[in-house]
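Feature list (source: TrEMBL):
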- 80-213: domain 'SLC41A/MgtE integral membrane' (DOMAIN)
- 293-436: domain 'SLC41A/MgtE integral membrane' (DOMAIN)
- 43-61: transmembrane segment (TRANSMEM)
- 122-145: transmembrane segment (TRANSMEM)
- 157-184: transmembrane segment (TRANSMEM)
- 196-219: transmembrane segment (TRANSMEM)
- 226-246: transmembrane segment (TRANSMEM)
- 258-277: transmembrane segment (TRANSMEM)
- 289-306: transmembrane segment (TRANSMEM)
- 351-370: transmembrane segment (TRANSMEM)
- 382-399: transmembrane segment (TRANSMEM)
- 419-444: transmembrane segment (TRANSMEM)
Amino acid sequence: MVVTQLNLRFRFQNRKLRGVSCELLRYPHGVLPETFLTMTGQVVLPILLSTLGMMTAGLVMNTVQHWPVFLEVKDLLTLVPPLVGLKGNLEMTLASRLSTAANTGQIDDPQEKHRLISSNLALVQVQATVVGLLAAVAALLLGAVSREELDLAPMELLCASSVVTAFLAALALGLLMVCIVIGARKLGVNPDNIATPIAASLGDLITLSILALVSSFFYRHKDSQYLMPLVCVGFVALTPLWVLIAKQSPPILQVLKFGWYPIILAMAISSVGGLILSKTISKQQYKGMAIFTPVICGVGGNLVAIQTSRISTYLHIRSAPGVLPPWMKKFWPNPCSTFCTSEVNSMSARVLLFLVVPGHLIFFYIIYLVEGQSVTDSKSFVVLYLLAGLIQVTILLYLAEVMVRLTWHQALDPDNHCIPYLTGLGDLLGTGLLALCFLVDWLLRSKAELADLSELASGPP
């Protein structure tokens, strides 16, 4: 589809028309160029909404961590990051694929649109079922490694809860992504800018809520001998049906055959973040981990998913798989070229990096107002938290540039192969850096308290 832009300029003198100039611009791929302000305007609202969703998810997590099922089955906490991270492995990847299809005109034909949507949704259900099972097994094994003993008692509950949560969350968010991308296309908004943040805006909250409700249901019926095994078998039995539907589209068939490595490895990376969370969440010096973990992980994953989706669309429009444009030949570009040039991808990286500190400050303040004493008001923690957010997003944006180039050079689609890795790394970096912030702040406050005590002890009687 060709987009034509007509710019008219009228010159008036003494209220009389004295001249007219006309400029006609044609864009063969149906994509209009974006300015700094245009992109910022399209990105800010979805990012704010997405972080509100993540903040709400953090508040929910702060509540459900005290539910009986989470207190008794500790490995459920290890499940949280990989299951919440499925929005990066599945829904954000789906949003990126659909955004690229929209920007390249593939969904303009009604028949092609129906086939593309149905095959993509079926693919997501296959991936959700398989990764849900693997996430439960990974949580069980990581728990065994940390405790140095293997407890098979909660295995049925973990598997059933994980599979049902992954399936239902993937279905709800997949349908939402389809509506968002099609709606954005009709409204003339670039879906690359809004689809992935909206996927994240409800992804954490929906996934965490479903996990809490489903696991509590199975916990109440844990004496039912066949319930949980039958649920697992039933969802796995549906997999061949989703495979048949997904095979309608040759590109989706390729993802179905060869796209497992990124999402499984990303799930494993997120599971390590889950292990960090489960080991710190109940300790006093890490008070607030449950609230801030979804926010810092979600913001990093959100921003890097937008950048990855934009660079992928950029390459789909301007080049062919396996062939990088001349100005992108370096696999490891200078970091300055990633953030400081006039090139469109560098401009978008600056916009996204610019949003980190204001966004985190806004949501830190909201969380403090809502939770009060559950959140530290230490100035040193605020500074450390903002610094951690900047470090996380800077690393992720640079890695996005590197990974997309390497993936494209290998004739692979970055929409399918990069976002899972980057969101998984975002979860791990976010959880690790957040735990480090709490630890350093606790050490600084302890040192200050000791200094005050020593001053009192050495003072005059």
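A Cβ is built for glycine as well, from the same backbone N, Cα and C atoms used for every other residue.
Source: prediction; values computed, not measured.
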Item checked: Distant-in-sequence neighbours of the transmembrane segment (43-61), which means Cβ under 8 A and at least six residues beyond its ends -> 80, 84, 193-194, 197-198, 200-205, 207-209, 212, 290-295, 297-299, 302-303, 306, 351-352, 355, 359, 362-363, 366-367, 370-371
Item checked: Stretch-level contact, the transmembrane segment (419-444) and the transmembrane segment (289-306), CB cutoff 8 A, at least 3 pairs -> yes
Checklist line | Contact call for the transmembrane segment (289-306) against the transmembrane segment (382-399), three or more Cβ pairs under 8 Å | finding: yes
Next item on the list: Count the residues of the domain 'SLC41A/MgtE integral membrane' (80-213) that DSSP assigns to helix (H, G, I), to strand (E, B) and to coil, and report the three numbers in that order.
Entry: 117 helix, 0 strand, 17 coil
Next item on the list: Run through the domain 'SLC41A/MgtE integral membrane' (293-436) and tell me, per DSSP, how many residues are helix, strand and coil.
Entry: 117 helix, 0 strand, 27 coil
Item checked: Distal contacts, the transmembrane segment (157-184) - CB-CB under 8 A, six or more residues away -> 69, 73, 75-76, 79, 83, 86-87, 90-91, 94-95, 98-99, 102, 107, 113, 117, 120-121, 124-125, 127-129, 131-133, 135-137, 139-140, 190-191, 194-195, 198-199, 202-203, 206-207, 210-211, 214-215, 218-219, 222, 227-229, 231-232, 235-236
